[in-house]
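Below is one structure; the comments refer to it alone.
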Amino acid sequence: MVILQQGDYVWLDLQTGRQFDVPVGAVVKLCDSRQIQVLDDEGQEHWVSPQNASSNLKPMHPTSLQGVQDMIRLGDLNEAGILRNLLIRYIDRVIYTYTGSILVAVNPYQVLPIYTAEQIRLYTNRKIGELPPHIFAIADNCYFNMQRSNKDQCCIISGESGAGKTESTKLILQFLAAISGQHSWIEQQVLEATPILEAFGNAKTIRNDNSSRFGKYIDIHFNKRGAIEGAKIEQYLLEKSRVCRQASDERNYHIFYCMLKGMPAEQKAKLGLGQASDFCYLTMGQCTECDGRNDLSDYSSIQSAMKVLMFSDTENWEISKLLAAILHMGNLCFQARTYENLDACVVVRSPDLSTAASLLEVEPKDVMLCLSTRTLITRGESVCTPLSMAQGLDVRDAFVKGIYGRLFVWIVDKINAAIYRPPSCHSGALRRSIGLLDIFGFEDFTVNSFEQLCINFANESLQQFFVRHVFKLEQEEYNLEDISWKHIEFSDNQEALDMIAIKPLNIISLIDEESKFPKGTDATMLYKLNSQHKQNSFYIPPKNSYETQFGIQHFAGVVSYETKGFLEKNRDSLHTDIIQLVHSSKNKFIKQIFQADVAMFLCGYHQPSPAPKGAETRKRSPTLSSQFKRSLDLLMRTLSVCQPFFVRCIKPNEHKRPMLFNRELCVRQLRYSGMMETIRIRRAGYPIRYSFAEFVERYRVLMPGVKPAHMQEDLWGDFADRSSWTDLANTETGKSGRLRSSPSLRRLLVLQDHHDLKLEMERDKASQDKVIPDPKKRAVSARDSA
Ligand SMILES: Nc1ncnc2c1ncn2[C@@H]1O[C@H](COP(=O)(O)OP(=O)(O)OP(=O)(O)O)[C@@H](O)[C@H]1O
């Protein structure tokens, strides 16, 4: 039975059974023989009957009362403990906390005065833990580790949309530029890459006003003196569909709105541009403005960043022409027709059609034909079939997405051409790098599609990398203390990863194979997935033959994927008619960004025996998943030779508001972050660690006559007789608690499986616990609580 008194802190577990509900911290307000009244951390009052007290209330470990800087030190090392720790720090506007080697960053949604030049100086060349947790401490350690150990470093920044990944990345960049800094031209170029990337790759979404719709890895190169020498940017999976469609209250990519606000009138006139509200592609979310952003001034920042990054005026103009062409394409007007009993369509002649065609430097009639018919090649003969209106619109959108996607890749290449310096023969061996990975976190929406599969596959790979790294650190710690660690078992996500992408006939390869098969459909693909994996415990087959979804048991939970549209998205191909249209264009820039497609088309075109019916560029161009897998493999290889740091960003609420902490939302993110895995690994070994002084403070109450640590001259000597300490502590902490001193007696005592926190806490109380104001009132004997 739990004996409680007014003022005691407890965990209140209402056992709601909700997926993301965990016990909440609470303080006892009233306690008598009939009922116990507690006030929880959310300010809610609850009444608990003494009969239910033992199942609803658990004593709180003293470390959870005021919080700790490193959560691995929490006595209550579980989700509730971690959540409360983050909460009480967040209320004090302390947004950074460690969990072992991870930095947890809770988005404050307000400007905090913690990123000044003074703070940069303060955090320079300090050990982690010397100062309060901070993103600068991570950046500083990356930099000085790189310098000291001459080893490449990387920082993996993850979290869901709006959690603060991009801001964290920018803060690390800011710190690195400041401490390595000579304010060189190349350093300025690296910093100026961000506004360009954000203009073309970020958009307002309901979750984040400046949401990155792509993943990126920025590798910053340093010379042997530690100055920034260059950088290279890798981008992953830009969300192309946004160019044609935006959900309610969302916008297209920033660049469109900036261009319409900021471009001089005479240039706009040449491109046939007016304002955002004139264009279908910019108004689908009924939102053309974004609070807190200034499209006009952003346009001039983008222009000057482009200059710094060596975009010529001609290139800049060509980019604007393509952006304008996209907008006019979005305004094309289609009409449905029937042609020999077949659904058909026509593109109506309009100013938008002629402007789009003139910007793309193609004939308007060719655009009309391309978007309303399709050429199939059968045994050397080409046959033209009509497209229905829906198909015509799809082809138009696919073309536009194709242009934007390739334009984005070209822009990243252009930036890299300015900031990347290949290592020279003599400096090559001495060059070191810090890589910053700002990548989409694990996703589980109401409807998940092919993109979520790719994103979650990337997260499985990163989780695997993370778990192995944490486990390695644990091993190193035990080796240092001469403690045998062989019995520690941990589970990683290898099996799930094998099924998704590693073993033969894995999910990705089956999807890919079906995408290349001309008669493949989403249904035949699902059938093959089922046949191959239905016995796998990580695969959840559809419940019946009508269902079009399958599920995967990911490390962060089960996600079910809607297969409709999978193959189309994976093929990511354009009709040959579109490629032919590009080929016929006089616009050198569009031909350049479609260079690879045109080359493949020409190669197919000149083949001696013509391709079979339905031949398309897709037969030869790599699928999205194969491209993604290749770049992910490359990324994982790069990361594996770096010393990693991890930043987990947490979004405390969905309203972009300061000082609002949604518990369930945070628990969900903690689970997805893989942080619990660190804790599981730590728990599988020796989770609780004390320095000798801390140990004496904590347990001296058990040994009459032992003075407080600070009053002992020879703590080390005192431990010479450590067997009596350990015996005593083992008895007192119960059978399940095994206390081990490290044989080397270096610095730690390690407790394994220390379950009996209750008893320990009561001992603490008996020994004038500092947290509780009136020790007399609170003394509880061990016998009473047994
Ligand atoms: N450290 C911080 N201090 C102040 N505000 C912040 C901080 N981190 C994030 N924010 C706020 O939160 C917003 C969202 O952050 P950010 O764009 O970095 O999220 P993200 O995780 O990169 O999201 P996405 O995946 O959608 O790109 C920022 O625009 C900013 O307003």
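Indices start at 1 and increase along the chain as displayed.
Yeah, the Cβs are placed from backbone N, Cα and C, and that goes for glycine too.
Curation plays no part in TrEMBL annotations; they are all automatic predictions.
Under the DSSP three-state reduction, Ser161 (ATP binding site) is assigned to coil, being neither helix nor strand. On its own chain, Ser161 (ATP binding site) has Thr205, Arg207, Asn208, Ser211, Phe440, Gly441, Lys651 as residues at least 6 apart in sequence with a Cβ closer than 8 Å to its own Cβ. Taken from TrEMBL, the feature ATP binding site covers Gly159, Glu160, Ser161, Gly162, Ala163, Gly164, Lys165, Thr166.
According to TrEMBL, the compositional bias 'Basic and acidic residues' annotation covers 762-777.
Residues or ranges marked as domain 'Myosin motor' in TrEMBL: 66-753.
Look at TrEMBL and you will find 632-654 tagged as region 'Actin-binding'. Sequence-distant contacts of the region 'Actin-binding' (632-654), counting only residues of its own chain at least 6 positions beyond either end whose CB sits under 8 Å from a CB of the stretch, comprise 86, 90, 101-107, 109, 135, 138, 141-142, 145, 149, 151-165, 168, 207, 217, 219, 234, 236, 435, 437, 457-458, 461, 465-466, 469, 660-662, 665-666, 669-670, 673, 675.
Look at TrEMBL and you will find 762-786 tagged as region 'Disordered'.
For ligand 1, the neighbouring binding-site residues among Gly159, Glu160, Ala163, Lys165 are Gly159, Ala163, Lys165, by Cβ distance under 6 Å. Most Cβ neighbours within 10 Å among the binding-site residues Gly159, Gly162, Gly164: this distinction goes to Gly159. One way to see the shell of the ATP site is to take the Cβ centroid of Gly159, Glu160, Ser161, Gly162, Ala163, Gly164, Lys165, Thr166; the remaining same-chain residues with a Cβ within 8 Å of it are Asn107, Asn208, Gly441, Cys649, Lys651. On the 0 to 100 pLDDT scale, the domain 'Myosin motor' (66-753) averages 88 in the predicted structure. By a simple count of nearby Cβ atoms, those within 10 Å, the most crowded of the binding-site residues Glu160, Ala163, Lys165, Thr166 is Lys165. Counted with DSSP, the region 'Actin-binding' (632-654) comes out as 9 helix, 8 strand, 6 coil.
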